[in-house]
Amino acid sequence: MKRILVFLLAVAFVHALERGRDYEKDKVCKDLASLGREDFTSLSMVLYSRKFPSGTFEQISHLVNEVVSLTVTCCAEGADPDCYDNRTSALSDKSCESNSPFPVHPGTPECCTHEGLEKKLCMAALKHQPQEFPTYVEPTNDEICEAFRKDPKDFADRFMYEYSINYGQAPLTLLVGYTKSYLSMVGSCCTSPNPTVCFLKERLQLKHFSLLTIMTNRICSQYAAYGKEKSRLSHLIKFAQKVPTAHLEDVLPLAEDITTILSKCCDSVSEDCIKELPEYAVKLCDNLSTKNSKFKDCCQEKTPMEIFVCAYFMPASPNPELPDVKLPMNKDVCDEGNTKVLDQYIFELSRKTQIPEVFLTKILESTLKSLDECCHSESSTACLNAKGPQLTRELSSFIQKGQELCADYSENTFTEYKKKLAERLRGKFPDATETDLQELVAKRSDFASKCCSVNSPPLYCNSEIDAEINTLQS
């Protein structure tokens, strides 16, 4: 662990390099000296793979080589005082060339219209959208060792690249720590007399680390997609659907706490930050274990992290018989200092409504935006009274269509779901050919498999929901 901590000292280098601030040069050079060239290169591979997940291995490698060369040259004794600034400027200029060997970003052309420090700042601010569908598949033990023995450095670089582009939303401390631990395992097991036994033992040791990295990548991806306010809304909806027998006072602090943790930790390099997750799991049990039998079962897991994972994947519970929920249209919705009226409405609607969170977050964002516009109009009361019926109709229509798109999915196996879906579509389109029907079943079931579960990826599903709802209307 001490080695990992030292490894993380160089994180500041990337920020300094991208910002082009000379005052950080001394710190960069000290970090490089304490880290050594090999580990500095490894860290750069993780950082830039994470920053440019659509880049190829060759593109990331080119960039890493340039970064390492720049650092070593400009930190050498007797180096030109302008070396650092000149080389970082040249690096950003090279990124703008049409035949640049570096990874590209959709925002790169805009950055390239700027000059000097402004260009570097623009490049540094570029971020890719989260990878919502990781594709990394771990090779077999034999394949791992064959590649490792052939070229240990190439194996390490490719693993760090593959793992980082797939799980790059995990906090940097976890991502770096896990990749280093994994490579240490490979180095030990591929040179041991019995690799199979070694891998079995070492993977067991790494299980918690691996789970934590993968889980934080998932929740931080959702946070990156939603932002702080929508993330709070999303978690409130999920808790209301998972534990509909709870009260708002039970779940609202949990939704706010997890949002705060993610806002602090997803981009943090502090090791202490992620320790808040196990503490949060304990609070989950304190608030909800007596409200729901499935939650109570989750709280029987051995470790806080296992409790958190269990709660995360827990499906929505059957909703109890509840009265209809009316969209609040009085002046209380405009009280920015008191969100309880809207929070109560969101909670009541969510625990009564059987459609996935991505659907509710999508329509509620639009509804809340319309309410906010009324609150900032000349006559908020008149605006609310005028828009209220229309918003209620739109909300009801959207929920109905969402229920149609996801009908039968959560209650059945995928095979049974497809059978029921085919029956429903056959009844809805009696004149459709068998080929057309099969294509429609395949398309709709693929949509359901990605967007009809409790933790569906928001970026992907946001546009897909619109497309599928349009097919219902056509």
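Using N, Cα and C of the backbone, Cβ positions are placed for all residues, glycine too.
Over in Swiss-Prot, the protein carries these features:
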- Cys29-Cys75: disulfide bond (DISULFID)
- Cys74-Cys83: disulfide bond (DISULFID)
- Cys96-Cys112: disulfide bond (DISULFID)
- Cys111-Cys122: disulfide bond (DISULFID)
- Cys145-Cys190: disulfide bond (DISULFID)
- Cys189-Cys198: disulfide bond (DISULFID)
- Cys220-Cys266: disulfide bond (DISULFID)
- Cys265-Cys273: disulfide bond (DISULFID)
- Cys298-Cys310: disulfide bond (DISULFID)
- Cys334-Cys375: disulfide bond (DISULFID)
- Cys374-Cys383: disulfide bond (DISULFID)
- Cys451-Cys461: disulfide bond (DISULFID)
- 17-208: domain 'Albumin 1' (DOMAIN)
- 209-393: domain 'Albumin 2' (DOMAIN)
- Asn86: N-linked glycosylation site (CARBOHYD)
- Asn287: N-linked glycosylation site (CARBOHYD)
- 1-16: signal peptide (SIGNAL)
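Projection of Swiss-Prot feature records onto the structure.
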residue: Cys75; record: disulfide bond; DSSP (3 states): coil
residue: Asn86; record: N-linked glycosylation site; DSSP (3 states): helix
residue: Cys111; record: disulfide bond; DSSP (3 states): helix
residue: Cys190; record: disulfide bond; DSSP (3 states): coil
residue: Cys220; record: disulfide bond; DSSP (3 states): helix
residue: Cys266; record: disulfide bond; DSSP (3 states): coil
residue: Asn287; record: N-linked glycosylation site; DSSP (3 states): helix
residue: Cys298; record: disulfide bond; DSSP (3 states): helix
residue: Cys383; record: disulfide bond; DSSP (3 states): helix
residue: Cys461; record: disulfide bond; DSSP (3 states): helix
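Reduced to three states, the DSSP call for Cys375 (disulfide bond) is helix. For Cys334 (disulfide bond), the spatially nearest entry among the recorded positions Cys189, Cys266, Asn287, Cys383, Cys461 is Cys383, judged by CA separation. Looking only at the disulfide-bonded residues Cys310, Cys375, Cys451, the densest Cβ neighbourhood within 10 Å occurs at Cys451. Averaged across the domain 'Albumin 1' (17-208), pLDDT for the predicted model comes to 89. By the criterion of other Cβ atoms within 10 Å of the residue's own Cβ, the least surrounded of the disulfide-bonded residues Cys83, Cys111, Cys190 is Cys83. Cα-Cα distance from Cys310 (disulfide bond) to Cys75 (disulfide bond): 48 Å (rounded to the nearest whole number).
Counting only same-chain residues six or more apart in sequence, the Cβ atoms lying under 8 angstroms from the Cβ of Cys29 (disulfide bond) belong to Thr71, Cys74, Cys75.
Shown in sequence order, Val186, Cys189, Cys190, Pro195 are the residues of the chain, 6+ apart in sequence, with a C-beta less than 8 angstroms from the C-beta of Cys145 (disulfide bond). Cα of Cys112 (disulfide bond) to Cα of Cys273 (disulfide bond): a span of 36 Å. Closest to Cys298 (disulfide bond) in space, going by CA atoms and restricting to the disulfide-bonded residues Cys220, Cys265, Cys375, Cys383, is Cys220.
Sequence-distant neighbours of Cys198 (disulfide bond): residues of the same chain at least 6 apart with a C-beta under 8 Å from its C-beta are Ser188, Cys189, Ser192. Geometry remark: Cys266 (disulfide bond) versus Cys273 (disulfide bond), CA distance 9 Å.
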